[in-house]
Each structure stands twice: as C-alpha cells, then as structure tokens.
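**Student:** Sharing a structure with you now.
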Amino acid sequence: MGSIADAANKEVNGTASEKRPAVIFVLGGPGSGKGTQCAYIVDHFGCTHLSAGDLLRAEIKSGSENGTMIQNMIKEGKIVPSEVTIKLLQKAIQENGNDKFLIDGFPRNEENRAAFEKVTGIEPKFVLFFDCPEEEMERRLLGRNQGREDDNIETIRKRFKVFLESSLPVIQYYEAKGKVRKIHAAKPIEDVFQEVKAVFSPEAEKVEA
C-alpha cells in the first residue's frame, strides 16, 4: 500500500532518502538503565541497538590512534569529538541491514545533535529519556562491578556533571519540538519497561510502516 507514491518520492528525493533509517535517540544519565531497556525494546520491537559508548570502547580496544585519544578523554570524564562518534555510528548504520535504530547515549550535547543531523540528514522520530535520580544512578554504577575503568566514584560524579551541563539542553531542544518521551527510570526493570511499552507501541507501528 502506497508503494507507487513511495517510489515516486524516491525518484524526486534521490538517493539521499533511499537509506534514511528511523532513529530513536535514547538518553539518560549514567546508570539510568538505558542499555537494559534497549535490549528489551530490541526483543519486542525489532530495532537495532547502537550504543555510542560500546562503539567508542570497541575503537579503544582496536588499539588505533583514534582509540587512544578516546580512552584519554573518557578517563578525564570529557566528551569525545562529535565527528569521531558520528563516523562510528554512520558506519554501524550503513553496515546493518535494518532500518530502525535505537541510538543509546548520543547526542551528548547540542553540538553532537546539530552535527548528527547535518552530517546524516536524519532527525530522530523521538527521544526516549530515562529520568533517574542521581543517588540511584550512583548506587547502580558502583554495584554493577563490570570492571570498567570509568566506574569509580570520582569519574562517576564527573559524568553526572557532564550529563547535566551538556545533555539536558539536547533534551530541552527536542522537548520544544514535542519529541521527548520521559520514562521514570528509578523503578524496577519490569515496571520501567511497562512504561516504555506504553510510550513505544504506538510509535512502533509508525516506525514499521
């Protein structure tokens, strides 16, 4: 249904629209449960989960010069340059056959956001924002014991500060456009996902259409 119109649109808009996937940004402070909930969303709604943090850590493990620079910035609690993360995200999207993506932990700031939209030509369908109190996020991060070198109390608190200063303006930008879906993330995992499903299900039909 609508395939003739779709084909006509592709002819008019050219190649730029042919590979323009549906993107949902997933934002929340460190330890807000984004990764856990993304895994649930993937299972229920068939999206591909791209974690900006995982892509950056994979680059660090590769031992490249780029990876060393990323590692040093993360240790200092700084934000990695937009072009570095966007290139990693673009590569992951292009190499994946899916057309529905959850991008977790990005954009981290307004410059990230503007650069992503300019470089990719993609504006998110909506932003899933996991709102969680700082005390709860700190408790989770210190308790998860994954052996990550950025899970110590000093770095955790730096990351909270960076999130508040840099990421909240991104959320406010999309909120003004009516694109933010806020989730109360301090509850147990299953309860949080019930809230996610309630927000996500009507959107899932649009994403799949």
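Including glycine, each Cβ sits where the backbone N, Cα and C put it.
Per TrEMBL, the features are:
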- Gly31, Ser32, Gly33, Lys34, Gly35, Thr36, Arg144, Lys187: ATP binding site (BINDING)
- Arg57, Lys78, Ile79, Val80, Gly105, Phe106, Pro107, Arg108, Arg148, Arg159: ribonucleoside 5'-phosphate binding site (BINDING)
- Asn112: CMP binding site (BINDING)
**Student:** Find the longest CA to CA distance in the recorded ATP-binding set Gly31, Ser32, Gly33, Lys34, Gly35, Thr36, Arg144, Lys187; express it in Å as a whole number.
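**Tutor:** So the binding residues stretch over 17 Å, Cα to Cα.
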**Student:** So among the binding-site residues Gly35, Pro107, who's got the most Cβ atoms within 10 Å?
**Tutor:** Pro107
**Student:** Here's one to test understanding: among the binding-site residues Arg57, Ile79, Gly105, Pro107, whose C-alpha is closest in space to the C-alpha of Gly35 (ATP binding site)?
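**Tutor:** Closest by Cα: Gly105.
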**Student:** Check the Cα-Cα distances from Lys34 (ATP binding site) to the binding-site residues Ile79, Gly105, Pro107, Asn112 and tell me which is shortest.
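**Tutor:** Out of the listed candidates, the nearest Cα belongs to Gly105.
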**Student:** If you count other Cβ atoms within 10 Å of each one's Cβ, which of the binding-site residues Lys34, Arg57, Arg144 has the most?
**Tutor:** Lys34
**Student:** Which residues of the same chain, at least 6 positions away in sequence, have a Cβ lying under 8 Å from the Cβ of Ile79 (ribonucleoside 5'-phosphate binding site)?
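**Tutor:** Set apart from Ile79 (ribonucleoside 5'-phosphate binding site) by at least 6 residues yet with Cβ under 8 Å, we have Met73, Arg108, Asn109, Asn112, Val162, Ser166.
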**Student:** Any same-chain residues 6+ apart from Gly105 (ribonucleoside 5'-phosphate binding site) with CB under 8 Å of its CB? Would you list them in sequence order, or say none?
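**Tutor:** Spatial neighbours, sequence-distant, of Gly105 (ribonucleoside 5'-phosphate binding site): Val26, Leu27, Lys34, Ser51, Ala52, Gly53.
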**Student:** Please list residues from the chain of Ser32 (ATP binding site) whose Cβ is under 8 angstroms from its Cβ, counting only those at least six apart in sequence.
**Tutor:** Phe130, Asp131, Cys132, Met137, Ala185
